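Okay, so here's the structure we're looking at.
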Amino acid sequence: MNRFRVSKFRHTEARPPRREAWISDIRAGTAPSCRNHIKSSCSLIAFNSDHPGVLGIVPLQGQGEDKRRVVHLGCHSDLVTDLDFSPFDDFLLATGSADRTVKFWRLPGPGQALPSAPGVVLGPEDLPVEVLQFHPTSDGVLVSAAGTAVKVWDVAKQQPLTELVAHGDLVQSAIWNRDGALVGTACKDKQLRIFDPRTKPQASQSTQAHENSRDSRLAWTGSREHLVSTGFNQMREHEVKLWDTRVFSNALASLTLDTSPGCLMPLLDPDSGLLVLAGKGERQLYCYEVVPQQPALSPVTQCVLESVLRGAALVPRQALAVMSCEVLRVLQLSDTAIVPIGYHVPRKSVEFHEDLFPDTAGCVPATDPHSWWAGDNQQVGPGPGSPLLASPSSRKPPVWLCANSVWPAACPPSLPSRPSHGGLPDRAAHAPITPLLASMQVQKVSLNPACRPHPSFTSRLVPSMEPLPDTAQPAVMETLVGDVDASEGFSSPPSSLTSPSTPSSLGPSLSSTSGIGTSPSLRSLQSLLGPSSKFRHAQGTVLHRDSHITNLKGLNLTTPGESDGFCANKLHVAVPLLSNGGQVAVLELRKPGRLPDTALPTLQNGAAVTDLAWDPFDPHRLAVAGEDARIRLWQVPPQGLEEVLTTPETVLTGHTEKICSLRFHPLAADVLASSSYDLTVRIWDLQAGVDRLKLQGHQDQIFSLAWSPDGQQLATVCKDGCVRIYRPRSGPEPLQEGPGPKGGRGARIVWVCDGRCLLVSGFDSQSERQLLLYEAEALAGGPLAVLGLDVAPSTLLPSYDPDTGLVLLTGKGDTRVFLYELLPESPFFLECNSFTSPDPHKGFVLLPKTECDVREVELMRCLRLRQSSLEPVAFRLPRVRKEFFQDDVFPDTAVSWEPVLSAEAWLQGANGQPWLLSLQPPDMSPGALRDWVCGGSRMGVGERDRRPRLKFRSCWHANSSGPCEGGVAVSISL
């Protein structure tokens, strides 16, 4: 909420009820615990009584004396430290205790007796259980914390799926984010940690939360990038901080309240963004609105309480009085009563206000523990019979996907984007719902009373005290699954964690190539849930410090947006320096370590550097573009730069304005393309030192250009909002034109899917970063798919690996690297694990494929430029049988360091194809043998031996883990 935005909650009032509406005559416990002591479902309230190990149970709704009838449940032999209701089953309660166990109870409905024993017991743990919470999208998954141990449980199997490690002291809070992919923890060691439990047990991010080690609490917002922490500062004052996981080193916003010994409980409603701060032992509630813009924590209202607060809880949104505009209800637990406090927005008309009550998560779980652990990120569905689960009819018009909202902000204005009653968007009649879109947050239920009742769900974790009707659970689940077209299914939704993500399908690989078999039931489930990338478990890891180049000084961190900021090949790294004359430092990748404090030898370019690129066929030749509209070609000595070079090998002149981008031809030697602010693209013959071709037709600044893989076409994206494809040898005018990104802040373009498609990264009209995928042969028809990611100022820089179809996406100043597998057909984008770093990077480039360590199943190796260092990042795929060459991951790769054509031949119309190289080391067994040994292949050895193969194999040293430089040999396998 900023100066240009007026909050719809600015007039919200807190309305404490009359005493007649209180739940009186209770005796609440005051045991020392940092938890809430009270929880509510849509049907029941559970709270700590004054007897250790005993809970009070009372209906949420009731009239007269019925509402005041409190029954007591003896749960544990010691203090109940935490409790939580299932988000799907109003009568399923989990309790944790100082007796070191977690128990699950089926609470009674009307006319039923209290259970005499728990349905499930987890533990005992080594220490008292302090924290527990149900998973928000999967029935039967729970996180618990006991001492320093945080475990994620499969409740039905009564076994932990994983244990989150590295906590240095008592864990005070552990909470799922809204889509259930991440876990945030607050610890007595003052650290705030973010875990992706399906990737690794270690924290993916951590930072110091509060300066005081006293009770700290967490709450996630509606997005997976932001969470709120409460704690104490050094002056023992209550402190609230808002964190952005994409920039995790510092809090996005913070505020300080009063001084009090009791912990501050954050009660956050992710749908409305309203945050209620309740301090134990106090008589006041603070209400704030959490928004991503500044000021990020905006005060809304305060409420003075009649009695001291012992605990507090939010009532689920499905139980609110929406017709009286009740946007929030807090249950205050005092010593002798439970006081419901409603927060209302004054409105003149008595009707359902859609702006106050967006669709909320339904009560039908999206997945089961096994599927979730295998990487399923389905969101909570709307229930059976929803039209959102109908199969799509065709691929066109374009598929609009968005990670942060139901519909992207740039949807066509002629099609309304607000959901109608029942959760089905009005524009569904105009465009099909794709599997990826159907798996996102559109799968919700409306709070409009006209759309009720909603489907109910009864968990099978704890059997009911009475036999369930035949249609209770099976009817819901069977209808939910039966309405899905198995040929289309669902796909994992993309994420902005911030996360980097992220955002992500995790867990152990279940493909046959990993050495783990796939059961028929799992294959059936995968056919329903839709395709998922075999690279979804890829993990980005910063390599050992011995491979870093440190003590970088004087870097130019303000290179133009059209430039990647630096460039690298397998030998050298060129980095612009912040100095007069456009100096460029050349670093040697084969000589890592700390650079001397003295000045480095540089290339004296003579003008400020706008872009630079290494010649793919001559690893020692560097092209540098300057603001003086000239391109200088430098020849770096093979042993590295040992003295200052002031005279370039060649100077190319022809442009009349400063140059934007440089791109070498992928197949022809001595061919370079450059774009300039003079709105032209020139094709240079470097042997002759002149421009041979000049491309026209741009009406504004050229953001980016890219050669097609076969080198016959060149694509550009321009500030005038158009994407163009040229055949440079056929004429200066574009062959095709199509609509590009609507935002004019910057864009990048790259050829993908074997040259059949174009990927453009840019901004929409609301400054949200997005990806657009085009069919190269039908550019005028617009994008095949649009994927919204997040809101950030820097342009996403795509790095594409044609062997795997993976694209890395990050921006200058980002801390997250998105990873997607691209497909030329639906669902187009398959999300994989994101890579996140604790500090922002200044650049991120992809190294040649031959630099990957195939023995470690390394898909890609990149270089990450930081403020004062350069570090390699390896993206590796977890595989069980690493002794076998993973041929499904490493197909034959192009020999990109040997030209196929000369500049003269290409200019005269000749075309060619690159040679192919096998990355398989001679001493590694082929992947086919792995399949035969593991039973994954039915082909016999003799039958396979009769299949000839012709490949270009790299020359491998016996004591080396990589290929020799430039070594290529032909081998025929029979």
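Numbering starts at 1 and runs along the chain as displayed.
Cβ coordinates are placed from backbone N, Cα and C, and glycine is handled just like the others.
Per TrEMBL, these features apply:
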DOMAIN    3-64  domain 'DUF1899'
REPEAT    73-107  repeat 'WD'
REGION    198-217  region 'Disordered'
COMPBIAS  201-210  compositional bias 'Polar residues'
REGION    485-523  region 'Disordered'
COMPBIAS  491-522  compositional bias 'Low complexity'
DOMAIN    528-593  domain 'DUF1899'
REPEAT    652-689  repeat 'WD'
REPEAT    695-736  repeat 'WD'
Tertiary contacts of the repeat 'WD' (652-689) (same chain, 6+ residues out, Cβ under 8 Å): 560, 562-563, 610-617, 623, 625-633, 695-696, 698-707, 709-711, 714, 716, 726, 728, 896, 899-907, 912-914
Overall pLDDT for the domain 'DUF1899' (528-593), taken as the rounded mean: 86
Counts by DSSP class (helix H/G/I, strand E/B, coil) across the repeat 'WD' (73-107): 0 helix, 19 strand, 16 coil
The region 'Disordered' (198-217) - residue tally per DSSP class, helix then strand then coil: 0 helix, 5 strand, 15 coil
